[in-house]
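Read the structure below first, then the notes.
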Amino acid sequence: MSRMAEQQLYIHGGYTSATSGHTFETINPANGNVLATVQAAGREDVDRAVKSAQQGQKIWAAMTAMERSRILRRAVDILRERNDELAKLETLDTGKAYSETSTVDIVTGADVLEYYAGLIPSLEGSQIPLRETSFVYTRREPLGVVAGIGAWNYPIQIALWKSAPALAAGNAMIFKPSEVTPLTALKLAEIYSEAGLPDGVFNVLPGVGAETGQYLTEHPGIAKVSFTGGVASGKKVMANSAASSLKEVTMELGGKSPLIVFDDADLELAADIAMMANFFSSGQVCTNGTRVFVPAKCKAAFEQKILARVERIRADDVFDPQTNFGPLVSFPHRDNVLRYIAKGKEEGARVLCGGDVLKGDGFDNGAWVAPTVFTDCSDDMTIVREEIFGPVMSILIYESEDEVIRRANDTDYGLAAGIVTADLNRAHRVIHQLEAGICWINTWGESPAEMPVGGYKHSGIGRENGVMTLQSYTQVKSIQVEMAKFQSIF
């Protein structure tokens with residue numbers, strides 16, 4: 001693909017040049033080619049985006065629930081019509097295989113938007129009787145202008161996960177995509193405008209997180225920030241949001257999630273689940289189950305089943321429909337993952353497979369890392385304690401149920417957890433003791449629109465998806481009505 005035209009900001013229903021004069025490049029990680037130069041939003045751009053959003057939000061919130069619902073449903077239709085085009089752009093920008101982006105990224109994002117479009121008429125208040133002559137009623141009102149700050153691993157899906165409930169509740173959103181993968185969020189803005197969203201209700205500001213993102217979190221005109229990213233960045237976002245104007249926050253942060261295989265599990269099923277929990281999207285999924293706990297007596301058999309499945313991974317041209325494994329999102333991220341792999345070797349973990357870059361035709365110019373499995377791991381190893389966010393699995397052995405629950409919970413993270421077992425009683429008994437916000441039994445990774453997702457501990461605050469997220473983008477107003485004559489004590 002030839003280099004794209006310089007990408008601008010999207011404010012008030014159209015493209016506009018950044019006033020900052022700063023730009024950055026977005027790179028195709030499969031081959032190192034520059035896809036586009038992208039303009040970066042500065043403080044003045046944030047100010048005008050907020051002013052635009054405030055204007056648009058008043059128009060949007062004044063529409064009826066059904067009017068808003070119809071506009072968002074039109075956006076869903078356009079997303080599905082343009083699925084293949086958007087998936088190709090997502091593949092170029094992220095490096096993910098087209099077989100994945102064309103069936104998951106846009107599809108699941110559109111599903112979330114359709115879900116919230118259908119929920120809009122359900123936003124309602126309540127009536128509370130006090131006495132014969134007085135009652136209280138409540139209203140759910142939008143927050144106003146909110147900000148979304150996205151991560152680089154699921155660019156358009158995250159933009160939809162954040163914008164769908166925000167817009168459904170009557171808010172306007174200013175969205176800052178990751179500077180690593182900024183392109184499809186701009187296309188989403190086009191689609192919202194085409195569907196009939198009032199100008200200003202969805203503005204997109206590409207830029208560097210430490211600048212554009214910080215301006216958004218500090219701006220007094222923004223009522224809430226929804227952030228997806230790493231724990232360290234999330235803490236800064238939360239601190240800035242609170243210090244500036246006590247903004248509400250939703251934080252979807254990192255994870256180091258446990259996958260527990262019990263001794264009664266079907267090891268074929270367990271190996272399939274472990275592969276999906278570690279190598280889907282080349283391991284760049286926040287919920288990945290990278291700490292795989294296996295009974296000591298099952299370790300050798302389990303390792304052989306994992307090795308057999310790694311042999312079946314197809315890393316190749318990302319647009320080949322048979323390819324199911326792509327490069328990492330960027331060269332700096334590849335280098336970071338390689339540092340973790342080197343640390344694992346240094347600390348005594350045994351490399352079962354992988355452990356280096358992929359080499360040869362089609363790989364040498366890209367950010368490719370081989371699917372890597374470490375075994376003979378211990379809980380104190382760096383690769384077991386820290387989030388790597390790459391195709392790196394760590395296998396650990398255990399002896400008892402109580403032991404594995406304790407060790408699974410021995411982490412600052414609490415995003416996800418899963419177990420594989422044939423015992424239904426054990427499944428629920430154990431899952432109820434795991435300190436994680438998203439849990440799976442005999443499966444892994446699905447996050448449907450109806451399912452609230454979010455973490456415990458350092459893995460986040462608040463939830464995305466589900467009914468409760470729609471409500472989190474509203475504020476409750478209570479109104480007392482008195483029908484009898486008011487009695488003053490003065």
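Positions of Cβ are set from backbone N, Cα and C atoms, glycine also.
All protein chains shown were included, and the count of other CB atoms within 10 Å of the CB of ILE27 (K(+) 1 binding site) stands at 22. Look at ILE27 (K(+) 1 binding site): DSSP puts it in a strand. Positions annotated as K(+) 1 binding site by Swiss-Prot: THR26, ILE27, ASP93, VAL180.
Cβ contacts within 10 Å of GLY150 (NAD(+) binding site), excluding its own Cβ and spanning all protein chains shown: 28. DSSP assigns GLY150 (NAD(+) binding site) to coil, not to a helix or a strand. If you look up Swiss-Prot, you'll see GLY150, ALA151, TRP152, LYS176, PRO177, SER178, GLU179, GLY230, VAL231, ALA232, SER233, GLY254, CYS286, GLU387 marked as NAD(+) binding site.
Within 10 Å of the Cβ of LYS162 (active site, charge relay system) there are 27 other Cβ atoms, across all protein chains. Positions annotated as active site, charge relay system by Swiss-Prot, on the basis of sequence analysis: LYS162 (among others).
Here GLY460 (K(+) 2 binding site) comes close to GLY234, THR250, MET251, GLU252, LEU253, LEU415, GLY437, GLY454: these same-chain residues lie at least six apart in sequence, with C-beta atoms under 8 angstroms from its C-beta. Residues annotated as K(+) 2 binding site in Swiss-Prot, with sequence analysis given as evidence: LEU246, LYS457, GLY460.
What Swiss-Prot lists as site 'Seems to be a necessary countercharge to the potassium cations' is GLU248. Mapped onto three states, the DSSP output places GLU248 (site 'Seems to be a necessary countercharge to the potassium cations') in strand.
Residues or ranges marked as active site, proton acceptor by Swiss-Prot on the basis of sequence analysis: GLU252.
Residues annotated as cysteine sulfenic acid (-SOH) in Swiss-Prot, with sequence analysis given as evidence: CYS286. Listed in sequence order, the residues of the same chain lying 6 or more apart from CYS286 (NAD(+) binding site) and placing their CB within less than 8 Å of its CB are ALA151, ASN153, THR228, GLU252, LEU253, GLY254, GLY255, PHE389, LEU415. Following the DSSP three-state reduction, the secondary structure of CYS286 (NAD(+) binding site) is coil.
Taken from Swiss-Prot, the feature active site, nucleophile covers CYS286, and the record attributes it to sequence analysis.
The local packing around GLU464 (active site, charge relay system), expressed as other Cβ atoms within 10 Å of its Cβ over all shown chains, amounts to 24. As annotated by Swiss-Prot, active site, charge relay system applies to GLU464 (among others), with the evidence given as sequence analysis.
In sequence order, PHE24, THR26, VAL38, ALA40, PRO206, GLY207, VAL208, GLY209 constitute the residues six or more apart from GLU179 (NAD(+) binding site) in its chain with CB-CB distances below 8 Å.
A straight line from the CA of GLU248 (site 'Seems to be a necessary countercharge to the potassium cations') to the CA of SER233 (NAD(+) binding site) spans 16 Å. The closest partner of VAL231 (NAD(+) binding site) among the recorded positions, by CA position, is GLU464; the full candidate set was ILE27, ASP93, GLU464. Cα-Cα distance from ILE27 (K(+) 1 binding site) to TRP152 (NAD(+) binding site): 12 Å (rounded to the nearest whole number).
Considering only the recorded positions TRP152, LYS162, PRO177, the residue whose Cα is spatially closest to the Cα of LEU246 (K(+) 2 binding site) is LYS162.
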